[in-house]
There are 2 protein chains.
Amino acid sequence: MNLYLAATYIIDARYGRNGQFEADDNSVRLYNLYTHWLPKLVTYFFLLLLLSLAIFEKPAVPGLEIEYWVTMPMELICLIVIGSRLFHLKLFSPGRTFYSDKKNIVVLATIVIVVIDMITYIALVNSGQSMYAYRWSRPLRPLILVNITEGRQIRRAFRNIRRTLPDILNVLVLFFLSIALFALMALKIFERRPELRLYTDNSPYFKHYGDIYFQLYVLVTTANSPDIMMPAFDSNKWFSLFFIVYLVVCLYLFMSIILAVIYKNYRRHLKNEIKKSVFIKRVKLNRAFDELKEQQDGKSVVTEKTWNAVMQEVLPNRNQVYYSLLWMVLDKDGNGYIDQNMFLQVADLLNVEVSEVRNQKHLIEKFWPHIYNSSVSIAVRQVVMHKFFRYFFDLAIVVNAFFIGFNLDEAEWFFLSVFTCEIILKLYTYGFREFCRRFWNIFDFIVISAAFIATIIEAALEELQYSRETLDVLLVLRILRLLKLVGSIDRFKIIIGTLTNIAPSMFTYGGVLFVFYYVFAIIGMEVWGTMLSGNVNVTFCNNPALIGTEFARDHYCNNNFSDVLTSFVLLFELMVVNQWHVLTSGFEAVTSAWARLYFVAFHLLVVIVVLNIFLAFILEAFMLESSLSAGKFSNAVEEKIKEMGLWVSK
Amino acid sequence: MNLYLAATYIIDARYGRNGQFEADDNSVRLYNLYTHWLPKLVTYFFLLLLLSLAIFEKPAVPGLEIEYWVTMPMELICLIVIGSRLFHLKLFSPGRTFYSDKKNIVVLATIVIVVIDMITYIALVNSGQSMYAYRWSRPLRPLILVNITEGRQIRRAFRNIRRTLPDILNVLVLFFLSIALFALMALKIFERRPELRLYTDNSPYFKHYGDIYFQLYVLVTTANSPDIMMPAFDSNKWFSLFFIVYLVVCLYLFMSIILAVIYKNYRRHLKNEIKKSVFIKRVKLNRAFDELKEQQDGKSVVTEKTWNAVMQEVLPNRNQVYYSLLWMVLDKDGNGYIDQNMFLQVADLLNVEVSEVRNQKHLIEKFWPHIYNSSVSIAVRQVVMHKFFRYFFDLAIVVNAFFIGFNLDEAEWFFLSVFTCEIILKLYTYGFREFCRRFWNIFDFIVISAAFIATIIEAALEELQYSRETLDVLLVLRILRLLKLVGSIDRFKIIIGTLTNIAPSMFTYGGVLFVFYYVFAIIGMEVWGTMLSGNVNVTFCNNPALIGTEFARDHYCNNNFSDVLTSFVLLFELMVVNQWHVLTSGFEAVTSAWARLYFVAFHLLVVIVVLNIFLAFILEAFMLESSLSAGKFSNAVEEKIKEMGLWVSK
């Protein structure tokens, strides 16, 4: 009976981890070190550092440029840390599982490629060939983020995307074929009509097939509607029929179908993922059971003694009372042992949150009991707990909103004191622990105390110099205060509840988007870099190729790839879609029509695939939200606790 | 035993009708007349005429204007026809059901209001007060379409919308509150920065709260992205954070949540609708059973004799063989009678399609058997049935595409003959009936024969005058021909199959959109009518208020409310969303800022509500498509047919 090994299996099952390791003591210890939070945090830190090098490398964010002979050693350190983490993994991996795992191979290959790139770069620069020196391996960096053990959530999202692709490919092919047919029709109908006026930017109207194809693709994104129709429409109103039919087919039908196909596949894969994770849990728990089992009445069972022993390894921070509680839930018939079937439910049982209410006293009650229990104090606490107390401060927020709206800044000190009072009174009545249990209390605390500190700083500096940035922060904090009102309206609670539940998964999609953004930003910077900029002259973005273009006329010069942060903003604008064809036209003007490929690829990948998968995720989250109920185990635990007379209602 | 009454109940159950009528013979006869296709068709015709009056009334489509003393009698006739249909309904409705049905009251009220409006209008015009004469009741016309018995599908869709509204209202309120907070933040941050440049159209940047609110609402529709950000972005790149956070919250989160809530409610209501329709079916069939039942062995049953008798009423066009087949499916144990439970399944059974293959001969085989059965003929038929025959013509289509693409019009006669040959050969081999069974054959036949006729017309007119319109039609037909290729690629068959299955329901949503479009178009014409037009001078739309505005600069003059068809195109553009704020600004310039209400209302109702419900419908259709299998009844019928040795495989 190896308690340490069994405890490791149980912890793996509890957190749904699927680490493979040899069963010998040394490997298990290495595995537990590997899953410890500290090495994880270190890896995250260096990964983040590696990715954020893009801020300092050329083309760098203005003022933050660092020479390559500084960034490269930093990069090397990051790679070494990540490499040693891989080496750590290799140490306890059984047999050939390390090399048969594609993730590890991808990370290793990426490291090797980056090192080769670094060497070539240094060699080229120092041999005076710096015009050929490109850091072409930089877009590969996110590969490490996705394939490292810690990137499990993001990797899962990517797997989802990869599996959905074949299914939407059919629809996409049909979609592109439809555009091809419509483009051919448009060419045939409009090329024989030289009387149609030009676009407002004097470019020819529907003359070349490739151009029409691109324009119609842009029309599906609605970015050039209705401008693309107007020349034809001005000549004959019936031409609008062509565009209406086109939009109904390619926008309303195809885009809906793409979402439908993505949603369908998303659900299918979600089901598979859940099945798989349940399977992994069972495997781990079976292994743990094999380690812990004893023979009793001819059956393999786990006894209470073994249970208590292994629980001390699994949950060293909990006490015997908790272990016994869990045991009582598991050992329903009270015969002193549990069989394999019951043992398989340990993982879910451990995830039920049971918080012990230590019989703690309010701090003030502890030190000054006569004050805390005085009649005034009791009255105050009763007032605070009354619903009119909440109504009063909700009203205060509304009044505050008007004061902010009408720029009556003199009252700010008053409101700040009122809301500070509210927090102090609540803290006094409920105690710190209870106060922190509610999301809106913490929100309130942060917003008010930050405003308090900023106001003091502002007051202190007032005679010296007025800082607009402090004022901005203060204003935002003041207005955020109003948000609390939303939290106190019952009808919004379900929506906000759902949102807070799915927030962690939403961050996963943020990670996926970050990966796409990073790759596209680095490529964009390598291709366009400082070809255009808005720093010196915004009328033509410092590039004569842009004189008189719509890009310059719309003042889009600052939307460029001059550094990684600006690139991210530009890519965000492209994700929002509107005017993306104008942005494209600018970068097309300074290079060639091939630039369209970059922008269309971004639109296809990010807007059509990733955003639709995100939408599918939200749809499913709201579908599940209503059908979710408290799991059977949290009920079983609650019952046992009540049975034992230890229940304290909130 | 009233066979006629029972048959009426069964037919109602079969088609899911829920008509209420008295059980006396006269009422049943009136009810059957009411549900007959001819009076329905007449009603549809006059309803369509009533709605299409908008084309002829002022402001009319150019060239189609008819004076009010012509349109009004037409309108009156339409109202009389619809009114008499209501009267017909009243005749057989039991007790007070006619008046307790809100639908009838709405239609009656609408008719009365329209008549009052007509009288007032005539009175005002003839008393010389024509400047006050508005036909204000015209937007009410679609109420008749929705509330008349025939508008059942559209009414169901509207009911769905109405039921979904309360649920999304919560989200919408939260959404508008969020915009309010962000607008307040924007006002506070940007009003203290006079150095920010103006918009490209020289309007002030973020100065008034109402204006900021509208701009931020437009930003959620993405129509003014990234222009709205650029002045702030040009001054300090960190301001982009405000817009990014705003878009993430209000666009990506809220818009997704709105779709999720709509989809969830759509599914819930769909389930209820299905339950309700099953219930109605059961009620009707129970009534029919009560009419037909006899006592046998102490149980209420329907005998085969009664069955045959009632079937002659229900399906007078079918023969005894079919009645017997159905009976054999129902009477499984062959004891000569069926009980109530079995009888309740009659409606589903009747909806199983069984087509009799009359032992018909090919026409040519009938008249010239020696030709049809000659060795040449057999060889030809074998060639046509071979898969290479299809491949060859698929290839021909591809070649044809290139000829069209490169304007080699001389080959057109050749291709037309080739494809005509294909159709003739197929007709010869499969026979007319079999040929027509495939969608793509019919499609092919229509496209090719239309092209044939048009080509002949073109050839006949060539010496006289070249008609560009004929050429346009020909070109479109030629290109549509290429579409056939899509039908022959297997991987697209599922998508196209799903689309053809849900096509009828999609037309329902077309109807819903039509209702919204009609109401908004009429209101738009009354408000803006001919205030701006693009007919004479497109640089300022014949309205000095538009000189120098973005609306005129973008050549949007022809997007106006000058007649109902143009209004529909404009509303379609608004539905596509892009540039809707520029279109709004034009109508705002010629009236006042209140014009925004009209455009925001249209966006909220059509884009946010109706289009999302349409999307929910497509999502659900694709979800169901995979889980649909042949119903148990079509299998039961198939088995019985096979058992009887009457099966003919396709």
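Each Cβ is built from the backbone N, Cα and C atoms, and glycine gets one as well.
Some features that TrEMBL has for this protein:
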{"type": "DOMAIN", "residues": "B:326-353", "note": "domain 'EF-hand'"}
{"type": "TRANSMEM", "residues": "B:37-56", "note": "transmembrane segment"}
{"type": "TRANSMEM", "residues": "B:68-87", "note": "transmembrane segment"}
{"type": "TRANSMEM", "residues": "B:107-125", "note": "transmembrane segment"}
{"type": "TRANSMEM", "residues": "B:168-190", "note": "transmembrane segment"}
{"type": "TRANSMEM", "residues": "B:238-263", "note": "transmembrane segment"}
{"type": "TRANSMEM", "residues": "B:388-407", "note": "transmembrane segment"}
{"type": "TRANSMEM", "residues": "B:413-430", "note": "transmembrane segment"}
{"type": "TRANSMEM", "residues": "B:442-461", "note": "transmembrane segment"}
{"type": "TRANSMEM", "residues": "B:506-525", "note": "transmembrane segment"}
{"type": "TRANSMEM", "residues": "B:595-619", "note": "transmembrane segment"}
Top Cβ-contact partner of the transmembrane segment (B:37-56) among B:107-125, B:506-525, B:595-619 (pairs under 8 Å): B:506-525
Long-range environment of the transmembrane segment (B:442-461) - Cβ separation under 8 angstroms, sequence gap at least 6: 412-413, 416, 419-420, 422-423, 435-436, 467, 470-471, 473-474, 477-478, 480-481, 483-484, 487
Secondary structure content, the domain 'EF-hand' (B:326-353) (per DSSP, counts of residues): 14 helix, 2 strand, 12 coil
The transmembrane segment (B:168-190) in contact with the transmembrane segment (B:238-263), cutoff 8 A, at least 3 CB pairs, sep 6+: yes
Contact yes or no, the transmembrane segment (B:506-525) and the transmembrane segment (B:595-619), 3+ Cβ pairs under 8 Å, gap 6+: yes
Positions on the same chain near the transmembrane segment (B:413-430), where near means CB under 8 A and six or more residues out: 364, 380-381, 384-385, 389, 393, 396, 400, 403, 441, 444-445, 448, 451-452, 455, 481
Intrachain neighbours beyond the transmembrane segment (B:388-407), with Cβ under 8 angstroms and 6 or more residues off its ends: 415, 418-419, 422, 425, 478-479, 481-482, 484-485, 488
Same-chain residues at least 6 beyond the ends of the transmembrane segment (B:107-125) whose Cβ lies under 8 Å from its Cβ atoms: 68, 72, 75-76, 79, 82-83, 86, 132-137, 140-141, 143-144, 147-148
Reported mean pLDDT - the domain 'EF-hand' (B:326-353): 84
